[in-house]
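Written out below as structure tokens is the structure these notes cover.
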Amino acid sequence: NLLQFNRMIKLETKKNAVPFYAFYGCYCGWGGQGQPKDATDRCCFEHDCCYGKLTKCNTKSDLYSYSSKYGFLLCGKGTWCEEQICECDRIAATCLRRSLDTYKLKYMFYLDSYCKGPSEKC
């Protein structure tokens, strides 16, 4: 669920999802359109795509099992949906960590009105 995703982001990046990622670029936070602005925004775009494939799952509310060992996030056993949601979140949190060196403050509270044009396909 979203709280677990927030904790994963915090474990990986040492930053809270709010405010650092909740309104970042065109894809971090709710929805999205246009082109991802940078590597961080691309992580969020890919996360949206990952969730988009899980149409039969409650991606924002289903609880799943995960742990952190030796600095790596590990998804635990659960229902198919729980495991898939966890993997989407784990991959995104890891992606956000890898993108920390290109994080731009100017995209932190980016206005949706700047996200124009066609969206990429997943």
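Glycine is treated like the rest: Cβ placed from N, Cα and C.
Features reported for this protein in Swiss-Prot:
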type     : residues                   : note
DISULFID : Cys26-Cys115               : disulfide bond
BINDING  : Tyr27, Gly29, Gly31, Asp48 : Ca(2+) binding site
DISULFID : Cys28-Cys44                : disulfide bond
DISULFID : Cys43-Cys95                : disulfide bond
ACT_SITE : His47                      : active site
DISULFID : Cys49-Cys122               : disulfide bond
DISULFID : Cys50-Cys88                : disulfide bond
DISULFID : Cys57-Cys81                : disulfide bond
DISULFID : Cys75-Cys86                : disulfide bond
ACT_SITE : Asp89                      : active site
Measuring CA to CA, name the entry from the recorded positions Tyr27, Gly29, Gly31, Asp89 that ends up nearest Cys50 (disulfide bond). Asp89
Among all chains shown, work out which of the disulfide-bonded residues Cys28, Cys115 has the most CB atoms within 10 A of its CB. Cys28
Using the recorded Ca(2+) site (Tyr27, Gly29, Gly31, Asp48) as reference, state which further residues of the same chain have their Cβ within 8 Å of the centre of those residues' Cβ atoms, listed in sequence order. Cys26, Cys28, Trp30, Gly32, Cys44, Phe45
Among the binding-site residues listed here, Gly29, Gly31, which has the most company in the form of other Cβ atoms within 10 Å of its Cβ? Gly29
Indicate the candidate from Cys26, Cys43, Cys57, Cys75, Cys122 with the smallest number of other Cβ atoms within 10 Å of its Cβ, considering only these disulfide-bonded residues. Cys122
Around the Cβ of Cys95 (disulfide bond), other Cβ atoms within 10 Å, all chains included, total 17
What kind of secondary structure is Cys43 (disulfide bond) part of, going by DSSP in three states? helix
Looking only at the recorded positions Cys28, Cys43, His47, Cys86, Cys122, Cys115 (disulfide bond) has its closest CA neighbour at Cys28
Compare the Cα of Cys95 (disulfide bond) against each of the recorded positions Gly31, Asp48, Asp89 and report the nearest. Asp89
By a 10 A CB contact count over all chains shown, which of the recorded positions listed here is most packed: Asp48, Asp89? Asp89
